[in-house]
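S.K.: As annotated by TrEMBL, domain 'G-protein coupled receptors family 1 profile' applies to 43-295. Here TrEMBL flags 27-50, 62-89, 101-122, 134-159, 198-227, 239-262, 268-286 as transmembrane segment.
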Amino acid sequence: MTSFNLTHVTPSTFILNGIPGREADHIWISIPFFSMYLIAMVGNCSLLYLIWIEEALHRPMYYFLTMLSLTDIAMGTSAMPKVMCIFWFQLKEIDFDACLVQMFFIHTFTGMESGVLMLMALDRYVAICYPLRYGTILTNPVITAMGLITFLRGVILIMPFPYLAKRLPYCHTNVIPHTYCDHMSVVKLACASIRVDAIYGLIVAMLIGGFDILCISISYIMIFRAVVSLSSKEARRKAFSTCTAHISTITISYTPAFFTFFTHRFGGHIIAPHIHIIMANLYLLLPPMLNPIVYGVKTKQIQESVIKLFKGGKVGEK
């Protein structure tokens, strides 16, 4: 009977191979990737600072925006430092347990991103459908509880991912054709059935993404009904304008997420591997980079606060 050496069944390290077929271009690909990451960090930290010092922004909408910015910072930072090490220094090795930790954080924060977008949709629903009760419904304790529940939901549902991956034998190869430790990219290396992993991944996707999209859809249906019932055209325009930043953020976040999810499970033989991996990285870079820009461009109060700050006035003054 053939016996496997334990060091081959559970490798001590994985090799993150970067973008398949584009290894020679890693240094050039790193330029836009690093630029996007840098813009994301500066933009989100600036937004957090502005919300912190500007009393006019101490409102539920901006508290949810704070959650989104913190999630974006954590989501990008979970992967990008290691990605840059691969691109710049060819440091492709990652410890087996460190890979599982990275997997946990990336999926937790991407789930948190989806959850915060759902909370922001509920915030717009309350603001438009119950404007007179907005402050009494979304109190600070309620907002804190909503954020905590959303975070714990991600932690609890994602926690089995590392344990499911760790139980598998990896006796063929330890080379991951990716820039970071994604759940499906890791378990596909196993020399055993990954049916449980695939099914659980779909369940988590439905419990997080499916549930959040359903809540967002219902919120906007109710918002649309409330807005079209307004008699004034100007009132309808103003009501819709308060939702444009959030709708843009939803589009930016979910488009690369859907592409990555479906390519992993159904499009592996149709989509070129390097396109899939590039999109998987954009999934972690585009929302953090564009969200502060979108809210800065489309939110009048943020614009006024930025102008006031650059003019040298005391932020928060009338």
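Cβ coordinates come from backbone N, Cα and C, glycine included.
Those TrEMBL annotations? Automatic predictions, nothing curated.
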S.K.: When you check the transmembrane segment (101-122) against the transmembrane segment (27-50), do you get at least 3 Cβ pairs under 8 Å, counting only pairs 6 or more apart in sequence?
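M.R.: No, since the transmembrane segment (101-122) and the transmembrane segment (27-50) share fewer than 3 Cβ pairs closer than 8 Å, they do not count as touching.
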S.K.: Counting only residues 6 or more past its boundaries, what in the same chain has a CB within less than 8 Å of a CB in the transmembrane segment (268-286)?
M.R.: 18-22, 29, 33, 36-37, 40, 75-76, 78-80, 83, 106, 110, 177-180, 182, 252-253, 256-257, 259-260
